[in-house]
Structures are given as structure tokens and as C-alpha cells.
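Reading through the C-alpha cells given below for one structure.
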Amino acid sequence: MASLFSSPLSSRSLSLVINLFFIFLIYLHFASPNPPHSSSTKSLNSLGVNDNESCSDGLAALEDHRSKCSYIISQSKCAPQGYIDYLKIFFCVFGQSPVLGHLVLCLWLFVLFYLLGDTAASYFCPSLDKLSKVLKLSPTMAGVTLLSLGNGAPDLFSSVVSFTRSNNGDFGLNSVLGGVFFVSSFVVGTICLLIGSRDVSIDKYSFIRDVVFLLVALCCLGLIVFVGRVTIWVSLCYLSIYLLYVGFLSVSLFLDRKKPISHQILRTREDLAEMGVPLLSYIGEEKPVPPQKVAQESRTQEQEFKIVVLDLPKTQPSCFSVLVSIIGLPLYLPRRLTIPVVCEEKWSKPCAVVSTAIAPVLLTELYCAHYNGSKRNLIMYILSGVIGLFFGILAFLTTENSRPPKKFSLVWLLGGFTMSVTWTYIIAQELVSLLISLGNIFGISPSVLGLTVLAWGNSLGDLIANVTMAVNGGNDGAQIALSGCYAGPLFNTVIGLGVPLLISSLAEYPGVYVIPSDNSLLETLGFLMVGLLWALVIMPKKKMRLDKLVGGGLLAIYFCFLFLRLARVFGVLDIDR
């Protein structure tokens, strides 16, 4: 998603708007009024509000914004799932101007999507890329493990947050399935329509393998949803589907090595393509870069990061760029000063020292957010501060100003990976909290917002990257795009849902985790599998050409499902299920 704002002027302008809005929202959070609790309780009792109702139903029973403001303050079930109380901001600050409140929350929703994508692209994926090289993983194994994790990080952490923090398992299920449905139907259908007249075909073996594994995963997930009870062993068996996929792919790669070298080179690129868009960095490594150019770029970018606080361009400095950099500090500095970055282009010893010192404190804050004991929190903060001070001194003594550390590089990469995971989790938690709050404001089930808004937002990068690659990359580009449209959703379906199910079942041990009842989940799975079966049947008949018939059918299935779901939500259709 960060690639949408690649031009310097657009990125700086966007950064200015985003950070001004961030400061404004924080101000609203702390400036919102707190009406007296006793009087609010009396007014709510006089209106006959039932304490056993959900937050959304309770708000729907009230009319004026003052009573709604009192209600959300007095009811713990309306408490925010993240760090910002969006319901309090909407009803207590913008109660008299709800249109402005809707605008502010929708803008902040865009900011959170941007931050989630930017954190994954700028910190999470580079650390995974470096880890795969340090661990000397083959491109194929890196694609199905670390790099697939980087591509599916937003969906994975949004799902984990919905299961663990917000107790809305149906929200997480719908968001992941909505993203899988969007990519495998809408994105594939769009690609087929755009290049259907070019007579482009893809590899039959790779296509059938990915689609069949995805269908198997969806069938197992449908059985789990139908039963509604998940144990540790069930979740582990479900996660093993991806291990089988990795093993099957490894065996295929081993057999391919016996082929002639000339064909082996071509298969290497195809194997990279089969893993999806994140492997484009590996494809780029086939083209050698002159050492002089690398050294020159490294020196130039190193000089830029000599300035710790301001990330300013060296050419044509202007007051506007300086202003943007200063205002951008609230969003840039917290991540830059807590995530260790050890790549040549972004290396800065002061930032590295500070990040190793502050990172333990941030981890403690994330852990202590689950507890209310102030004494226990204080002890943990002091302990984490001492540990951070030790790591900071150690980093200062063992690093150089000119280049990142060569020794213990794996430790630095694991630290960067851990902190990028932490920030991705924090942003995903805030995103889920905002969507749940919007569901309470509009009276819409959060699972519907997860199926649409969250799924579309997390899949926007896949739409742009895969369509662009298919349109401009010829046959190889089409192979990359289609493989990414099925291998990526397979990872999100198995890992993105299997990990939250495992965490939830572990939390309920020795009991079982009960999946929230939502009949629409089986409906979503049904439409999703129909789309996959359509592609699996029609594509071989068309000799694996990306035909417009395939694309038209996939788009028709997706829009039919979307119309039925939204029509039922808004009361246009009343179908007994």
C-alpha cells in the first residue's frame, strides 16, 4: 500500500496531512468531556436501558447524543479495544455535528490502513528479507515462509487482535475470508478481463496445486465453523495443512533440480513467481548492480540518516519539506526509535542505540496493557528500563557509525523482526477497535465491516501489485500475479486463522474454544469455494488461458455474494436462514 505514495511530493503532502490529523485526534481523545457518572446512570435508568444489551443495541435505544455519551462512559462493554476511545470522541465531542464526526473517523481509518501497510513495507518485510538471506533459505522456501508472512502480516495480526483482544472471533474470520474472496475472485477476475484478449496462459500444474490446497483448507475450515468448537489438537491439525503445502512444494523443487541447467534457470524464476508478489526482490537480484553505484548510493543514503530527527532530502531543501519532516515526527519517530534497522541504506548508530534501549519498555507497555496492577506494572517498567539501558550501552560499544554490525547480525535482525511485529500488532489492534466502534455507531455488525472494509483495505496492495504485474509483465507477469492470488490467500486462510485459533484454544485449555455463532460464515465459505471451483473447471478447458469468460464468472460470483450480504444487512432483503 505504501507504493501508492511513492513520489516525493505526494508522500510529503500525505505525511503532512496525516500527522496534523494524528495530533488533532489525540487532542480530541483527551479533551472530550466526562459527564458526572451518577446523573448519567439515573438518566439511563429512566430511559429503560437494559444493562444486558450489547453496546450497539444500547446506543440504538437512546436518541440524543448526551445520553449516548453518558451511556458509553458508564458501560464497560463500550470500552475501547485500543488506546483511543472512538465512541467517546464521536458522541461526546462531535455529538452536535455527527457528519464531522463521521469524516474524522473515516479519515483516521485511512491513516491506520496507511500506517499498517507502511510498517509492513518499511520495517517488517525488509527484516524478513534479511533474515531469509542470513539463514540461507532458498528463494522458494523463503517465499512460503518468511516472505509470505511479510505479505500476509496485516491480515494475520488483525485476525489475532480480533480473537484475543476484542473477543470478536467472527470479525477475524470474516475479515480473512473477505480478503481471500476478494483476491481470489475480484482480483483474478479483473486480471482475466484486462488481459483476456492477449492469449496469455499460465502453468497448469502450479495453478491446480494452489487451488486444490486452498479448497482443502476451506473445507477443513468449514467443518471447524460448523462444529463450532476448537481444541488445541484441532488447531494444530489445521495449521499442518500449510506444512503439507510447504513439504509438497519442497519435493517438487527437489525433483526439478534433476532437469537440465538451461531449464532449471527458468524454473527458478517460475518458482519465485509461484510464491507471490513479495519475491520480486529476489527476481531483481538476477541483474547485477555495479559496485561503484552501490557504494555511491550507500554513502548518499547514509548521509541522509546522519540526521536522526529530520529525514530531509539533500537536494533542493525547502521550508515545506522541513515543515513536513517536523510534523511527521509523531508517526515516524516512535517506530524509527524502537525498531532496530540494520540495512546499509538506513543505518544510523544513534537510532540503533536508542531503539535497543527503548524497545524493552515498549514491549512491557504492550504486555502491561492487559493488566491493571499499578505496582506490578511499575516494577516491570523499572526492570525493562534497566534491561534497555544495558542493551543500549552494549549497542553503543559494539557498533560503528559508518556501517551496520557484521557480528551478531542475526540477533539484530531478530530484534528488528520482533519490534516490527509489535508495531504491526499495535496498529492492527487500533484498526480493529475503530472498525468495531464504527459498527456500534452505524448499528452494523462488526463482522460485516471486517468482511468488506478491513478485507478491502488489507487487499488493496494485492489488487494494485498483481494487476500491474499481469498487465505489464507478459506471460511471466501473469504467472506471478495468478500465483500470488492463490498462494497468498492460502497462507492467510491457514496461518492467518490457524494461529488465532491455536492461541484462543490455548487460553481456554483444558476447555475448548467456542467460535461465535455466525451463520453467514458458511455462506461466505460456500460462495468462495464456488468461485474457486469455477476457475478450476473453466481454466483447463480454456487451455489455461486467462479468458474473459473466467474473469466475468468470477466477478459475477463476487458481486452476487456482496449484493446479497449487503442487502440483508440494510434490510432490502429478508431471507430466512
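The backbone N, Cα and C atoms fix where each Cβ goes, and this holds for glycine too.
All annotation found in TrEMBL is predicted automatically rather than curated by experts.
Keep in mind the model is a prediction, meaning the values are calculated, not measured.
Taken from TrEMBL, the feature domain 'Sodium/calcium exchanger membrane region' covers 107-249, 413-566. According to TrEMBL, the feature transmembrane segment maps to 12-30, 99-116, 173-195, 207-226, 232-255, 378-397, 409-428, 435-456, 520-537, 549-567.
Below 8 angstroms of C-beta separation, residues 349, 352-354, 356-361, 363-365, 367-368 of the same chain, each at least six residues beyond the ends of the transmembrane segment (378-397), sit close to that stretch. Residues 112, 115-116, 119-120, 123-124, 127-128, 130-131, 134-135, 153-154, 157-158, 160-161, 335, 338-342, 355-356, 359, 362-363, 366 of the same chain sit 6 or more residues outside the transmembrane segment (409-428) yet have a Cβ under 8 Å from a Cβ within it. Between the transmembrane segment (549-567) and the stretches 99-116, 173-195, 520-537, the greatest number of Cβ pairs separated by less than 8 Å involves 173-195. Most Cβ pairs under 8 Å with the transmembrane segment (99-116) belong to 435-456, among the candidate stretches 173-195, 232-255, 435-456, 520-537. Annotation: stretch 435-456 has the most Cβ pairs under 8 Å to the transmembrane segment (173-195), among 232-255, 435-456, 520-537. With a threshold of 8 Å between CB atoms, the same-chain residues lying at least 6 positions outside the transmembrane segment (520-537) that come near it are 170, 173-174, 177-178, 180-181, 184-185, 188, 208, 211-212, 214-215, 218-219, 221-222, 225-226, 447, 451, 550, 553-554, 557-558, 560-561, 565, 577.
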